[in-house]
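Let me begin by presenting the structure, written as structure tokens, before commenting on it.
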Amino acid sequence: MSGKTIYLGVIGVGGVGAHFLTQLSRLPNAPSLVLLARSSQTVTSPAPSYSPAIAPSDWQSAFSTSSSASYTQSGAWNPDQIAAYLSKAPGRAVLVDNTSDPTVADAYPLFLSKGISIVTPNKKAFSSSFNLWKNIFNTAASTSSLVYHESTVGAGLPVVSTLRDLVATGDRITRIEGVFSGTLSFLFNSFAPATAQSGVSAQKWSQVVAQAKDLGYTEPDPRDDLNGMDVARKVTILARIAGLEVQSPESFPVESLIPAKLRGLTSAAEFMQRLPDFDDQMEAIKNQAEAEGKIVRYVGRVDVEGKVVKVGLQQFDKDSAIAGLKGSDNIISFYTERYGKNPLIIQGAGAGGAVTAMGVTADLIKVLERLH
């Protein structure tokens, strides 16, 4: 990659954002980082020259007062301010949004309308209203701006790009099925393993949830994982790419694993304290599957031909690919006309800052190649 300078803005320097900046610092011919924003601060290279660029390897110091001579420091900028700044750069601009902020996601059509390409793991933009989805891609097409969002499903796994390639080359997608949540994968692989480990006693559901929380696999409030909405958003994205006009993640059945009596609790601590009272419910579900020689897993499923999308518990044979998952891995199966009875399967780590950032960085490289 060589030629014209491309100017880069980055929003979000948390888990994924920090890993992305580390990876960016190692890229040969990296774009010129001219905007870096977090919730309370924005740092920019001075206009109109848009130089000096911010060093991604030393991004923390850009927020310090000692660097104020080199950069322009401000409070939090709204999307209009960010779009105005990047659109006036002396070359093509790219915005990397490493947040899950719906306000930023809603502004994607604005950025694209100003010729700013977008790379992001932000699921909100692509799984909220279908109107926003259409607006994003219609605006991109009319302005020659680019949109890449590999890491919205499966972190760094090539899920989105593979499905887009299948569709673009004319394959007919019949069904998509998989374990889309690293958290729920870990919970069920631990709670109901396909093969019992010798010397390891079976754990109660509440114990497995507590262990996952301690290991950092769950959100601070595990209900944000157990309600199934994260999986529903990912399934919405894939269903839309496959050609279904899914209106929102609330427009199809999503099975919540939160006991009805615990849904209204105000604190995560109280939820964790009372969860053991409902262990018998999950035990019964596990035992029912075992009585039929099967295991239970939490999956997302898109029946493209039948136009049916659903998320929830499902039983699988113990020798199935889904039953063989380990740890917090994801697995996504694409059933298509070309691949016949044996689906195209993508499997691997579906969560984690470094692998999610890898998907973002790889998308950025693709955008840079196309813009150059």
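Placed from the backbone N, Cα and C atoms, the Cβ positions cover glycine too.
If you look up Swiss-Prot, you'll see VAL13, GLY15, VAL16, THR99, GLY352 marked as NAD(+) binding site, on the strength of similarity to another entry. The NADPH binding site annotation in Swiss-Prot covers VAL16, THR99, SER100, LYS123, GLY352. Under the heading NADP(+) binding site, Swiss-Prot lists VAL16, THR99, LYS123, GLY216, GLU219, GLY352. Under the heading Na(+) binding site, Swiss-Prot lists GLU150, VAL153, ALA155, LEU157, citing similarity to another entry as support. Annotated L-homoserine binding site per Swiss-Prot: GLU219, ASP230, in sequence order, evidence recorded as similarity to another entry. The feature active site, proton donor is assigned by Swiss-Prot to LYS234, with sequence analysis given as support.
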Rounded to the nearest Å - Cα separation of GLY352 (NAD(+) binding site) and LYS234 (active site, proton donor): 16
Listed binding-site residues (VAL153, ALA155), ranked by Cβ neighbours within 10 Å, top entry: VAL153
Neighbours of VAL153 (Na(+) binding site) among the recorded positions VAL13, VAL16, THR99, GLU219, LYS234 (Cα to Cα, within 10 Å): LYS234
Distance from LYS123 (NADPH binding site) back to LYS234 (active site, proton donor), taken between C-alpha atoms, in Å: 7
Candidates THR99, SER100: member of the binding-site residues with the richest Cβ shell (10 Å): THR99
Cβ neighbours within the same chain of ASP230 (L-homoserine binding site) - under 8 Å, at least six residues apart: LYS123, PHE180, SER181, THR183, ASP224
VAL16 (NAD(+) binding site) and SER100 (NADPH binding site), Cα-Cα, nearest whole angstrom: 11
Intrachain C-beta neighbours of VAL16 (NAD(+) binding site), sequence separation six or more, cut-off 8 angstroms: ASN98, PRO121, SER151, GLY353, THR356, ALA357, VAL360
Among GLY15, GLY216, GLY352, the most crowded of the binding-site residues [Cβ within 10 Å]: GLY352
Listed in sequence order, residues not in GLU150, VAL153, ALA155, LEU157 with Cβ within 8 Å of the centre of the Na(+) site Cβ atoms: SER151, THR152, GLY154, GLY156, PRO158, VAL159, VAL160, GLY350, THR356, GLY359
Site extent for NADPH, whole Å (max Cα pair distance, VAL16, THR99, SER100, LYS123, GLY352): 15
DSSP-derived structure type at GLY15 (NAD(+) binding site), helix or strand or else coil: helix
Lowest local Cβ density (other Cβ within 10 Å) among binding-site residues: GLU150, GLU219: GLU219
